[in-house]
Amino acid sequence: MSESVRTNTSIWSKGMLSVIVAQFLSAFGDNALLFATLALLKAQFYPDWSQPVLQMVFVGAYILFAPFVGQIADSFAKGRVMMVANGLKLAGAAGICLGINPFVGYTLVGIGAAAYSPAKYGILGELTTGDKLVKANGMMEASTIAAILLGSVAGGVLADWHVIAALVACALAYAGAVAANLFIPKLVAARPGQSWRLSAMTRSFFSACVVLWRNGETRFSLVGTGLFWGAGVTLRFLLVLWVPVALGITDNATPTYLNAMVAVGIVVGAGAAAKLVTLETVSRCMPAGILIGVVVAIFSLQHALLPAYALLLLIGMLGGFFVVPLNALLQERGKKSVGAGNAIAVQNLGENSAMLLMLGLYSLAVLVGVPAVAIGIGFGVLFALAIAALWIWQRRQASY
């Protein structure tokens, strides 16, 4: 394929639109499947502590395959990598529909998601460049946010009607993503012929980890984003447990509506951060991180739906304002030291490790019988203290 086809394609080309459609359907399936499978666990009388374990097996796949998925994406045509990854997601969702253990099926979806992540971002730079690339990234993020909102709500609403119907809808979304991938042009592999020795691949990946960890700015960013996304995924599961206790509502849809408010808030907060924070003033985002924990603690004490919606919207806004500058800092500094792709891969490992740790602690708290409201208050206070400690540590590092 010619270089002109690879780099000067319009963002409205068939290939680019196919990527965006595939991303929307794949992300829709991911978010709908989570809530549909949680509803299945409830219907089959799994214990409450098993709910976060479901996400832990998904996250575990990300961690296990982190050293390898970047090279896989670069060694083959990325559109085909995306298609195979969505095929794995389809197989996992279909398996759950057909009665296999939901944890086994969800693990398969996690493996597909781990392989899909570096390919979906990497292909944008192969389909377009320059200002068009910025717009393409914007389209990708917009489709992802839309999929999170619609997928989360659809999963909960459909599960209230019929759990199997909700699971079938997820499988159909993944099938649509596979079909959309077929319309992506088969581009030349970015880095073919790399060594497939597992020891060499692992050493290369962890070498990048060491480089980023030794740099004060990138270490600060890795810890901050890890804490944020670990807290975010834990909050998702806390809402499922908290809603029946605090609000007396037992359906599957209400937690998804509340989660959607967080996503809307993140969009607003991210926009504010883009205007108010630069790489030189990243520390401006830290008070927002501390306030996230404070507001989570206040939210946990609510017993009415309207203030719950308002506080979750505020949590999302604070979250978007907090995490976007940290992401930008890591991408900019990481690009110069280990390359943008390696920086993102290391960040994914850090974020998913934090998710695994926080979900494990949350599962343990539920297992020993800590009330949902108490978990929420403790979670908020600990998060605020962790971000405050990170801020103090960063200021001391900067003064040396």
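Placed from the backbone N, Cα and C atoms, the Cβ positions cover glycine too.
Here Swiss-Prot flags 19-39 (among others) as transmembrane segment.
What Swiss-Prot lists as transmembrane segment is 53-73 (among others), and the listing cites sequence analysis.
Residues 29-30, 33, 37, 40-41, 53-54, 57-62, 65, 164, 167-168, 170-171, 174 of the same chain lie 6 or more positions beyond the ends of the transmembrane segment (91-111) yet place their CB under 8 Å from a CB of it. According to Swiss-Prot, the feature transmembrane segment maps to 91-111 (among others), an assignment based on sequence analysis.
Packing against the transmembrane segment (139-159) from elsewhere in the chain are residues 11, 16, 19-21, 23-36, 38-40, 120-121, 124, 165-166, 169-170, 173, 251-257, 259-260, 263-264, 266-267: each is 6 or more residues past its ends and has a CB under 8 Å from a CB in it. The transmembrane segment annotation in Swiss-Prot covers 139-159 (among others).
Summarising the annotation, Swiss-Prot assigns transmembrane segment to 164-184 (among others) and lists sequence analysis as the type of evidence.
Within the chain, the transmembrane segment (195-213) has long-range Cβ neighbours (under 8 A, six or more residues past its boundaries) at 66-68, 70-71, 219, 222, 330, 334, 337-339, 342-343, 345-346, 349. The transmembrane segment feature in Swiss-Prot is assigned to 195-213 (among others).
The transmembrane segment annotation in Swiss-Prot covers 227-247 (among others).
If you look up Swiss-Prot, you'll see 257-277 (among others) marked as transmembrane segment, on the strength of sequence analysis.
Taken from Swiss-Prot, the feature transmembrane segment covers 281-301 (among others). Distant neighbours of the transmembrane segment (281-301): 224, 227-228, 231, 235, 242, 246, 269, 273, 308, 311-312, 314-315, 318-319, 321-326, 329, 372-373, 375-377, 379-388, 390-391, 394-395; these residues of the same chain sit at least 6 beyond its ends, with a Cβ under 8 Å from one of its Cβ atoms.
Residues of the same chain lying 6 or more positions beyond the ends of the transmembrane segment (304-324) and with a Cβ under 8 Å from any Cβ of it are 224-225, 228-229, 232, 235, 246-247, 249, 254, 257-259, 261-274, 276-277, 285-286, 288-289, 291-292, 295-296, 298. Under the heading transmembrane segment, Swiss-Prot lists 304-324 (among others), citing sequence analysis as support.
Taken from Swiss-Prot, the feature transmembrane segment covers 352-372 (among others), and the record attributes it to sequence analysis. Sequence-distant contacts of the transmembrane segment (352-372), counting only residues of its own chain at least 6 positions beyond either end whose CB sits under 8 Å from a CB of the stretch, comprise 47-49, 52-53, 55-56, 59-60, 62-63, 66, 226-227, 229-231, 233-234, 237-238, 241-242, 245-246, 300, 378-379.
Swiss-Prot lists 373-393 (among others) with the feature transmembrane segment.
Counting Cβ pairs closer than 8 Å and at least 6 residues apart in sequence, the transmembrane segment (164-184) and the transmembrane segment (19-39) reach three or more and so form a contact.
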